[in-house]
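Reading through the structure tokens given below for one structure.
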């Protein structure tokens with residue numbers, strides 16, 4: 001049995017808790033204090049779109065019995081990691097060309113490292129959070145926590161039988177708070193759960209576990225319900241400018257603050273419901289789950305970045321970017337964003353792909369993920385219309401005689417391929433006939 005994970009409350013010791021101010025962490029904090037632990041509360045400001053007053057959260061923690069409570073501003077680091085993911089195309093989950101932008105894994109990478117670093121400053125070496133044993137976050141936080149503090153111990157009230165026996169459900173937790181003098185009113189429970197940060201929102205569980213339940217039960221928190229025809233959404237022309245792989249301007253306005261840049265991108269994309277997707281994915285433990293995702297700013301930057309990418313880089317570079325991005329996306333999802341194999345892939349794309357991405361893309365956004373690209377401008381474009389123009393051009397880069405020579409060279413590999421197909425045919429792997437997998441070959 002691992003001695004890193006504590007299954008019983010460490011009485012008399014400092015215990016850090018990632019405190020959201022919600023029912024679960026409020027009840028857990030008060031319960032830990034009453035049972036003899038010394039709880040310290042840490043709240044990450046991730047720019048959550050559904051959080052109104054961050055400064056009130058540490059005050060709540062102190063009222064529930066925290067020895068100390070701190071608000072850690074993680075927004076700049078989160079924005080930087082979001083840009084890194086855009087630069088590397090670190091997204092491995094998509095359906096029908098619509099992408100999930102790994103916004104929750106990015107948030108966990110930042111939260112897991114920055115909160116544990118803050119705990120180390122307070123000499124707090126035991127950490128608890130609200131992740132359940134069935135999800136991805138329990139492993140992500142475990143990895144990032146131990147990477148930041150090798151002496152860290154993990155205590156999760158939701159893995160403690162005593163806590164579960166006494167406060168195993170939302171009703172029991174709310175009654176516990178009321179019995180201890182806190183005027184707690186349970187909110188109306190939604191048909192799904194939501195987790196969010198500045199980069200995106202995740203809606204999952206409960207009714208959304210049923211695949212016959214559609215996206216239309218979700219109330220977006222970063223955009224609009226574009227599927228509702230009664231919601232008026234006017235087309236909007238948007239320009240996005242990148243410099244050396246970094247988004248710097250929106251509609252001609254330059255942003256020196258990367259957090260404000262993302263906020264504005266979210267507002268622009270959110271007006272259209274851009275970046276919403278419905279995905280079935282494999283969790284870290286290989287069981288499948290379903291989620292509805294929002295990421296309007298990430299989607300806007302991704303579209304513009306990849307438009308410039310395809311106009312600037314050659315085919316092999318683009319292919320390697322996509323292959324590395326798929327692998328890096330999986331590593332990010334698994335909580336390995338700072339592992340050596342991930343850093344190697346990140347550095348490669350950020351150095352050799354992103355640095356060349358300078359330019360501006362103009363788009364028209366409509367409803368949901370419906371958009372058109374109107375213009376692409378970059379000093380680094382290798383796209384030159386006259387190279388392949390169907391019109392007659394002066395000083396053409398090649399002529400018909402050049403193409404004849406190029407095609408003649410193809411005789412070498414066409415002959416090799418034809419001979420190889422003959423070998424397969426003799427071996428019975430290919431059959432002749434009208435329904436054959438390849439056209440009939442001359443038997444001579």
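Here the Cβ of each residue, glycine as well, is placed from N, Cα and C on the backbone.
When 44, 90, 109, 225 are compared with the ATP site residues 18, 19, 20, 21, 22, 23, 24, 25, 26, 130, 132, 137, 195 in Swiss-Prot, the one appearing in that site is 44.
With 100, 136, 140, 193, 202, 204 listed by Swiss-Prot as binding L-citrulline, the candidate from 264, 281, 286 annotated for that site turns out to be 281. Each of the binding-site residues 22, 130 was scored by the other Cβ atoms within 10 Å of its Cβ; the lowest score goes to 22. Cα to Cα, residue 193 (L-citrulline binding site) and residue 22 (ATP binding site) are separated by 13 Å. If you take the Cα of residue 132 (L-aspartate binding site) and the Cα of residue 18 (ATP binding site), they are about 14 angstrom apart, rounded to a whole number.
For the pair formed by residue 130 (ATP binding site) and residue 136 (L-citrulline binding site), distance between Cα atoms is given as 12 Å, rounded to the nearest Å.
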